[in-house]
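Single-structure report; data block below.
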Amino acid sequence: MEDVTLHIVERPYSGYPDASSEGPEPTPGEARATEEPSGTGSDELIKSDQVNGVLVLSLLDKIIGAVDQIQLTQAQLEERQAEMEGAVQSIQGELSKLGKAHATTSNTVSKLLEKVRKVSVNVKTVRGSLERQAGQIKKLEVNEAELLRRRNFKVMIYQDEVKLPAKLSVSKSLKESEALPEKEGDELGEGERPEEDAAAIELSSDEAVEVEEVIEESRAERIKRSGLRRVDDFKKAFSKEKMEKTKVRTRENLEKTRLKTKENLEKTRHTLEKRMNKLGTRLVPVERREKLKTSRDKLRKSFTPDHVVYARSKTAVYKVPPFTFHVKKIREGEVEVLKATEMVEVGPDDDEVGAERGAETDLLRGSSPDVHTLLEITEESDAVLVDKSDSD
């Protein structure tokens, strides 16, 4: 709006003397002289009044236009303020949703931590039981070594089948043959019985002595044979081959149990790693992890003032509705050299060694394998120990 200078000339009223004029009052002669040119002065005053009115009208028009513009800008500002209020309300709603999601995630994380604690407690108990079993196995090995060194076994041998000599069987056959004619004699008449009875008594008395002698001889031979058999059985039981076989069996059983426990621990470790990776990806996505990594690197650099500064050019976008600003940031520094990664072949032996070391480190660090698998391991080890004791 342009600055306009407004000059207003006031018209003096007739009959009042001009206050600004100084000096004595005019004489009647001078008054007459001044009254003559009054017509020309009045015309000039009328023209100046018209000019002043036109200027006032133009100024009023400009003021009205400026007021209209101010009203329009005020209406636009009100619309923008309403839009900003809507955006703020939407942001508040999103923030409330984010707070609810954060609360739910915190609850899930707390539950997961409780489960992990329970699993760690169960793992500690199972580990204690496994250590006890290992101690018992060591004690058994020590006892076995001492027994092998002393050779103080007490072996009970039971013989079910007892072979009788041939003479005793002959005497039994003779007794049976004697019993048969006695039964036939009962069927015969009374007159014939006394003679046959006498003959039978004579035969039985002669053969009884022979049977007693045969029985005594057979008992002595049987005792000798049983003693010889027992000695042979003891020799076989305490032979070096038998002891070596028992040692080999015990070692094989122990190796089998160790291999089974290692395999089960590796399986549980793999399953737990998969579950933890799945939970980690659910809780923290990959993009979030990368952002956290970059923020950690930035914090580390900020705490180390002597770090190397690399040159970079970055474009950032800032959105302030209804405008979008593209800002390009250029930083001077050294050229960053990317390190090339080398691929190394890994053999099967290296994989096995790495798996064994990983399992050992997981056990030392207190990794939490599955409880059911560990209980199955303990049951299998108990079954192997029972089989070993039965075989011994």
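Our numbering is plain: 1 for the first residue shown, then up by one each step along the chain.
Quick reminder: no glycine exception, Cβ is built from N, Cα and C everywhere.
As annotated in Swiss-Prot, phosphoserine applies, among Ser21, Ser295, to Ser21.
For the annotation phosphoserine, the record in Swiss-Prot points to Ser173 among the listed residues Ser110, Ser173. Record check of Ser96, Ser169, Ser239 in Swiss-Prot: the feature phosphoserine is attached to Ser169. Residue-level annotations in Swiss-Prot identify, among Ser14, Ser90, Ser120, Ser218, Ser120 as phosphoserine. Between the listed residues Ser106, Ser205, Ser226, Swiss-Prot assigns phosphoserine to Ser205, with no corresponding entry for the rest in that record. Looking up the ranges 138-154, 376-392 in Swiss-Prot, the one annotated as region 'Nuclear localization signal' turns out to be 138-154. The distance from the Cα of Ser42 (phosphoserine) to the Cα of Ser48 (phosphoserine) comes to 10 Å.
Counting neighbouring Cβ atoms within 10 Å of each of the modified residues (Ser42, Ser48), the lowest count belongs to Ser42. Averaged over the region 'Leucine-zipper 2' (168-188), the predicted model has a pLDDT of 47. A distance of 77 Å separates the Cα atom of Tyr310 (phosphotyrosine) from that of Ser48 (phosphoserine). Other C-beta atoms found within 10 angstroms of the C-beta of Tyr310 (phosphotyrosine) number 12, with every protein chain shown included.
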